[in-house]
Amino acid sequence: MERYISGDPQVRKLDGGDVCIKPGHRPANPANLLPRSPSAEAAAAHGGTLVPEGTVALGNSALAKETTSPGSPRALRTNSASDHNRKASWECPLWAICVLRVALATVYFQEEFLDGERWRNRWVHSTNDSQFGHFRLSSGNFYGHKEKDKGLQTTQNSRFYAISARFKPFSNKGKTLIIQYTVKHEQKMDCGGGYIKLFPADVDQKNLNGKSQYYIMFGPDICGFDIKTVHVILHFKNQYHANKKSIRCKVDSFTHLYTLVLRPDLTYEVKIDGQSIESGSIEYDWQLTSLKKMEKASAEAEGWDQAAKDKSQDWEKHFLDASASKPSDWKGELDGDWQAAMPQNPPYQDGLKPEGIDKDVWLHQKMKNSYLTEYDLSEFENIGAVGLELWQVRSGTIFDNFLITDDEEYAENFGKATWGETKGPEKEMDAIQAKEEVKKAQEEDEDDMLMGRFSGRENSFKGFHRRNEF
């Protein structure tokens, strides 16, 4: 039987498997209300931020479900009336977490940096170049929550950065893929990247650099007045292909939530702060042809090939050897109709060919053999690492709340439970600091003015004495 780990005696697991919280009590960490596996226990030792593939990722108040019965107190939904009677004293208020035994999502990777410096055990700095910049864990100069808003922050100006984290490899073939994270350009970015990359599982983390192969590059890139864009670059048939549409990124100094959704029907969506800013067809917006269409074209080509073969056979009837004669022992009743043999070289002129024989037929056949075993647009065979490989002129960017999953609803609720909870307090703290800075500047100006007045009076006093001396 699965057990729910919360470290909170006020949280109960019912016989039916549902979870409820005693009225008036708020759990210290709702996200810990998860069904755990042995591998998840190991992740919990590192702050509970990594969720292994296949884990039922439930438990956050934004991710849970609650029900109320008409004409009765707010009660926990259970699997039987007896469960409800036995647990009547554990009725749940509106915000209560009541988790049904349903697997909502597969979470391949999730990182919130809630375990202090233990992040260094999971993330690997590249040593490919001694001049690479270093990351530190920080929530910045202003934040919504000092601990929850801590993320990887760039620390050195005019440097390349390369760092990555590995997870259990998976393929998104036939599945939706969601990549999500938050980025905060606290330094008011002038030129530099804020994007992330998804790598194959065999990426060399210690030698990660700009030439390392990646599957997806996604996120904001800012440089000067011209470049303020969200990159969405996909690796397909050994080449990198960028979205042909221009997607504008955020340019202020606050934390923003970036989400990329790639669906198996070859549609995509880009969201910023939970709002869709671009969507459409991957084929159309990347100007690429899917392997599904190639397969259809190849099947049609196979039909053309058969038709051409039939036509060529009809044509060959015109080149029967006229000098040939029926053998004397040929018996039509037993051997059937006699037909003259073909000459060794069909007598059509140079530059001419029988109708229906076309070299393009063989090209289509070649396409069928070589391409159909590959993964289609936005499908990747061996995803196994996520990383930051970028350049920044002015450092200070903070990356946090990484998520890779196959469930759009889970990603949306995770964004609300992380960035959604701290975005307001972050702006409030920034506004308070701004007021304090204005007040301080005014006080300094007043001090300067007072000092200037006193300095002027002193000079006048000295001048008065000098005039009296004469």
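Glycine is no exception: its Cβ is also placed from the backbone N, Cα and C atoms.
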Cys191, Cys249 - which one TrEMBL pairs with Cys223 by disulfide: Cys191
CB contacts for Cys191 (disulfide bond) [other CB atoms within 10 A, all chains]: 14
Listed in sequence order, residues with CB under 8 A of Cys223 (disulfide bond) and six or more positions away: Asp190, Cys191, Gly192
